[in-house]
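Some features that Swiss-Prot has for this protein:
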type    : residues             : note
BINDING : Lys41, Met63, Gln109 : all-trans-retinol binding site
REGION  : 22-32                : region 'Important for interaction with STRA6'
Amino acid sequence: MPVDFNGYWKMLSNENFEEYLRALDVNVALRKIANLLKPDKEIVQDGDHMIIRTLSTFRNYIMDFQVGKEFEEDLTGIDDRKCMTTVSWDGDKLQCVQKGEKEGRGWTQWIEGDELHLEMRAEGVTCKQVFKKVH
């Protein structure tokens, strides 16, 4: 049985986010705005089907996918690229590989207690975010 990621999560910390955005070639103005945001995550999980909504006052991003199946991800509003994305289970963690223009792009997501941990990677840069479950 996979881990239950269902819930609404509020951001607690966001380490190295601006450097991560720089690695994605996000322009300086958007990096500064994005770095000030404290987005929430809303995750709806039905077995291996997941919808992850990243919600902020500036912009929302919705990722709808089936674990284990490659799909084209449109990152308009983030770095305006498209990539071929696969999310897989690695024990109790979700591992995402995003194949495209940027080397080593992807993320890992897992739960510790009532916290959601997310590590995002691109071009050798890692950003670490932590969220607390509120419901």
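Glycine residues also receive a Cβ, built from the backbone N, Cα and C atoms like all the rest.
Features recorded in Swiss-Prot, as mapped to the structure shown.
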residue : record                         : DSSP class
Lys41   : all-trans-retinol binding site : strand
Met63   : all-trans-retinol binding site : strand
Gln109  : all-trans-retinol binding site : strand
DSSP helix, strand and coil counts for the region 'Important for interaction with STRA6' (22-32)?
-> 7 helix, 0 strand, 4 coil
Within the same chain, and leaving aside Lys41, Met63, Gln109, name every residue whose CB is within 8 angstroms of the centroid of the CB atoms belonging to the recorded all-trans-retinol site, in sequence order.
-> Phe5, Ile43, Met50, Ile52, Thr54, Trp107, Leu116, Leu118
Enumerate same-chain residues with a sequence separation of six or more from Lys41 (all-trans-retinol binding site) and a Cβ-Cβ distance below 8 A; give 'none' if the list is empty.
-> Tyr8, Trp9, Met11, Ile52, Arg53, Thr54, Leu55, Leu116, Phe131
Site diameter for all-trans-retinol, Å, by largest Cα distance between Lys41, Met63, Gln109 | 14
